[in-house]
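Reviewing the structure listed below.
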Amino acid sequence: MEKLMTESGLKPVVIDSNQDLSRVYCGICSNIGDDDYDGDAVVVDGDLISTPFCSHKFCKACWSKYLKKNFFSVEKNHTAISCPDRDCRAAVGPETVEKLTVRDQAMYELYILKSYREKYLGWKLKLCPARGCNYVIEFHLASEDEEHSLNIVCLCGHIFCWRCMLESHRPVTCNNASDWLSRDLEKLIEEVDKPSTVSWIDANTKPCPHCFIPVEIDGERPWAQFLTCVCSGRFCWKCFRSPETHGTSGSCLAPARSSNVGFNHWNRAKPGISCLDLWNASQVNLVNAKYELEAFEESIIKKPSDLKEQDVKVLREGLMLIVQCRQFLKWSCAYDYIHTEYDMAKREYLRFLQQNASGIVHSFSQSIKEETEAKELTCGKLLSETTNIGNFFYHFIKTLREGLPEVQAESYDNYGGPYWLCDRCTYGNSWFQRACKMCCDPTASKMDELSD
């Protein structure tokens, strides 16, 4: 037992009989504890502090420097910090730190928290990533889901993913969420910010009917009726006929084709911009839901109402559920872009589910608003609606995780593996291709347009 206490830094105080007790010095800077020391008496002053397990005394300034060095300068954190004396292993505990300054006490508390987190890392302790939140969340994880996020609701109201620490991004995976925020979303925003480029191409070029490469109209010679492509093909930019079949009079034998030949299908093959619009609208709804929750919390704190504690709990849970639902609907837009961009049947079904879910959330929000303004709160009604909306979104999440199984995608097996069929052109694409190879190929799309 004595050996264990010694190794733990809990050995009893043993005063050296040869120690000169006529003067008390700081063991580091050698300053005397009392500035008024006259050399005639033993000085025992509060400025000199030791651990309960040894007699080595040090001034507050030296204690502060020593603890700061151990708190922030060591590579590996240890819960037990020993006495500053090199030959002493007495542990520095709260009994010693509470005699120091408030700043030192705060450093010690952070150090102990860090030590606890490192020691019990298997318990998965993490700080809430919300700005200004100091809550630490302890999550006992039995089995970790490798594919989908684990949503955590902090006491501050922030909802985040336990795996990647991003905001809760159900129903997409952590990798999908990271790609959406860092790559896909920026790409869609760039496409929206550059409408002039597409307009200029539509107004100043015509697709060659031979190779379908855009050919610029000669602005300096607008009377020039025939254009020459890099493939050596010549055609009329009004009716797309060759000089041989155009006619000798110079007039077009057929009405002019649309200037959007070859580009309409390309634009239709990029439906992600509509996902961006839905994403932005969902973000606005999410911000409003968070604002209503914060306003409710502030009103309860500043002006306590006549509502019972149970009523406040029901309203708070309802408002937090709305925030979670709005956040899920927001990230379902990313799911829309990632998983249904080229499967219009699934996209239409997903949009139907999103619209239905949004209507349910809006109706629930109105019910909470009406109950809040009413003189008497009907808890039974709100609890019933909370259960119903929770069940609806549970099945909604399950449906998206399973890949919208209600919509059967046509496919067939070939020697190269399974293929998916494009809804527009029925071309068989490999599952490794997110976009239809035929629709997104400029040559193929222009051939399809000319054949109409």
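A Cβ is built for glycine as well, from the same backbone N, Cα and C atoms used for every other residue.
Among the features that Swiss-Prot reports, region 'TRIAD supradomain' is placed at 22-256, with the record citing sequence analysis.
Long-range Cβ contacts of C62 (Zn(2+) 1 binding site) within its own chain (separation 6+, distance under 8 Å): C26, G27, I28, C29, P84. Swiss-Prot lists C26, C29, C59, C62 with the feature Zn(2+) 1 binding site, giving sequence analysis as the kind of evidence.
The zinc finger annotation in Swiss-Prot covers 26-88 (among others), and the record cites sequence analysis as its basis.
In the three-state DSSP scheme, C54 (Zn(2+) 2 binding site) is classed as coil. Around the Cβ of C54 (Zn(2+) 2 binding site), 21 further Cβ atoms fall within 10 Å across all displayed protein chains. As annotated by Swiss-Prot, Zn(2+) 2 binding site applies to C54, H56, C83, C88.
Residues or ranges marked as zinc finger by Swiss-Prot: 106-174 (among others).
The Zn(2+) 3 binding site annotation in Swiss-Prot covers C128, C133, C154, C156 and rests on sequence analysis. All protein chains included, C133 (Zn(2+) 3 binding site) registers 15 other Cβ atoms within 10 Å of its own Cβ.
In the three-state DSSP scheme, C174 (Zn(2+) 4 binding site) is classed as helix. For C174 (Zn(2+) 4 binding site), other Cβ atoms within 10 Å of its Cβ number 19. Under the heading Zn(2+) 4 binding site, Swiss-Prot lists C161, C164, H169, C174, citing sequence analysis as support.
All protein chains shown were included, and the count of other CB atoms within 10 Å of the CB of C208 (Zn(2+) 5 binding site) stands at 23. Residues or ranges marked as Zn(2+) 5 binding site in Swiss-Prot: C208, C211, C229, C231.
Positions annotated as zinc finger by Swiss-Prot, on the basis of sequence analysis: 208-239 (among others).
According to Swiss-Prot, the feature Zn(2+) 6 binding site maps to C236, C239, H246, C252, an assignment based on sequence analysis. When Cβ atoms from all protein chains are considered, those within 10 Å of H246 (Zn(2+) 6 binding site) total 21, not counting its own.
Per-residue pLDDT, averaged over the zinc finger (414-445), rounds to 60. According to Swiss-Prot, the feature zinc finger maps to 414-445 (among others).
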Could you state the whole-number distance in Å separating the C-alpha atoms of C128 (Zn(2+) 3 binding site) and C208 (Zn(2+) 5 binding site)?
58
Among C26, C164, which are binding-site residues, the residue with the most C-beta atoms within 10 angstroms of its C-beta:
C26
Please tell me which one of the binding-site residues listed here (H56, C164, H169, H246) sits closest to C208 (Zn(2+) 5 binding site), measuring Cα to Cα?
H246
Determine which residues of this chain, when C54, H56, C83, C88 are set aside, have a Cβ within 8 Å of the centroid of the Zn(2+) 2 site's Cβ atoms, and list them as they appear in the sequence.
G27, S50, T51, F53, S55, S82, P84, D85, R89, A90
Cα-Cα, whole number of Å: C174 (Zn(2+) 4 binding site) versus C83 (Zn(2+) 2 binding site)?
46
